[in-house]
Amino acid sequence: MSLKSERRGIHVDQSELLCKKGCGYYGNPAWQGFCSKCWREEYHKARQKQIQEDWELAERLQREEEEAYASSQSTQGAQSLTFSKFEEKKTNEKTRKVTTVKKFFTASSRAGAKKAQEKTPKQGQLGRERNADNILRDLKEIFTPSWELASPSEEIQEAKAPSPAIHRQASIETDRVSKEFIEFIRTYQKPGQDIYKQCKLFLDTMSHKRDLSIEEQSECAQDFYQNVADRLQTRWKVPPEKVEKAMDEVEKYIMTRQYKYVFCPETTDDEKKDLAVQKRIRALHWVTPQMLCVPVSEEIPEVSDMVVKAITDIIEMDSKRVPRDKLACITKCSKHIFNAIKITKNEPASADDFLPTLIYIVLKGNPPRLQSNIQYITRFCNPSRLMTGEDGYYFTNLCCAVAFIEKLDAQSLNLSQEDFDRFMTGQTSPKKQESDSFSPDVCLGVKQMCKSLDLLSQLNERQERIVSEAKKLEKDLIDWTDGITKEVEDIVEKYPLEIKPKSQALAAIDSENVENDKLPPPLQPQLHPAPTPWCS
């Protein structure tokens with residue numbers, strides 16, 4: 001049950017964290033290893049291909065409909081040619097008479113009749129053309145964001161229109177964020193007014209797109225971020241540092257209002273994944289730092305405090321509503337981990353030391369709704385934060401840690417499959433470190449503590465064994481009692497007990513027996529005279 005002497009540790013090449021397209025940005029498992037930029041390019045290529053196929057399908061259906069209509073018209077005209085000429089002559093005669101009578105009352109009747117007569121045969125063709133145009137227009141509306149379709153005048157009109165989703169009863173935090181956002185955009189003057197108008201338009205648009213899938217809503221949000229950033233840079237010539245700060249405030253304002261609709265929605269399996277990860281982490285409660293080769297010594301008070309702070313930060317991530325704030329919690333947790341490693345090793349921490357420690361922190365903290373938070377950040381965070389910088393690096397490592405936990409096996413921990421299965425089922429737990437294996441520098445208190453822990457572990461095993469034997473004995477006694485009871489019941493059923501009436505007591509032999517006169521009379525005493533003596 002002991003660990004293997006050769007320990008490989010957990011090593012992840014830094015190139016594996018980057019986008020698999022080779023752009024140099026950080027990739028993400030949720031984007032199939034691409035970064036945000038490359039993933040959007042791949043997604044747009046697939047979407048444009050789908051749009052082109054839909055347009056070709058609509059045009060083909062339109063051509064088939066026109067050909068079918070033309071064919072039916074030609075066939076119908078050939079069959080009823082003679083009758084049509086007769087009807088046309090009769091109609092013209094009747095129209096001429098009616099027109100002759102009406103011209104005495106109105107001067108413009110003939111012109112109106114001619115216009116109506118000209119419009120009548122074209123209604124069928126116009127209807128077919130209108131149906132085809134409606135199909136193409138609907139396809140364009142489906143696959144094009146609303147703020148790209150709308151003209152500037154339409155944007156202003158839509159921004160001023162009241163929306164039930166925007167004007168709903170807001171929470172205290174939402175009101176606070178709204179006030180802060182308004183105060184912030186005032187410093188940007190005209191660009192700030194444009195930002196506010198775009199945000200209001202986006203919120204109004206999203207309020208009518210609740211039935212879209214979460215991936216489509218995510219795509220709308222990413223398009224909106226890109227659109228606002230481009231407008232600030234190209235139209236208003238805002239410096240890059242101010243654009244980044246403005247985008248942070250835009251994300252905060254937008255996602256605070258959209259949080260309740262897009263975080264762990266019912267249409268996804270995020271909640272199911274959360275429960276699976278929590279169950280997996282609970283089952284791995286027995287994993288020790290030595291198994292993961294974690295270079296952290298929690299016996300040092302400062303290191304222990306850093307570990308507690310790191311666990312607190314990763315748990316606090318679930319309480320935040322803005323993706324940037326959730327990323328900040330991950331960043332603070334990671335910095336505490338680096339500090340703990342630095343204090344323990346007395347040297348700067350490396351990437352190979354960071355990932356095993358992050359895995360250990362996740363296992364020890366078991367953060368709530370971990371998968372939902374990761375998916376929420378991936379879908380609605382400003383993509384520039386996930387592509388570069390320390391936030392993107394730490395977030396990518398967290399995704400790798402979760403993936404490692406989900407696929408953790410005996411080989412990952414340098415254990416035999418038998419020991420791994422026993423630990424997972426709870427049949428036993430890993431042995432504590434023996435006192436003989438400590439270095440000479442370890443104080444006596446630590447050695448005594450380990451001995452006490454080993455003794456407690458042995459006593460616990462003995463107690464569990466005694467309890468198990470007592471339960472087995474109790475079960476045997478119950479089974480024995482039930483067996484005896486059944487045997488007695490079977491015997492009683494086979495040989496039933498018959499109770500006879502009580503017999504009368506026998507009468508005294510010298511008493512008068514009136515019931516049975518066949519007995520001889522009782523003996524009476526008789527007297528005999530004494531013999532006379534003989535004379536000599």
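Cβ atoms here come from the backbone N, Cα and C positions, even for glycine.
Curation plays no part in TrEMBL annotations; they are all automatic predictions.
Per TrEMBL, the listed range annotated as region 'Disordered' is 509-536 (candidates: 425-452, 509-536). Look at the domain 'VPS9' (271-414): DSSP puts its residues at 111 helix, 0 strand, 33 coil. Per-residue confidence over the domain 'A20-type' (13-47) averages 69 (mean pLDDT, predicted model).
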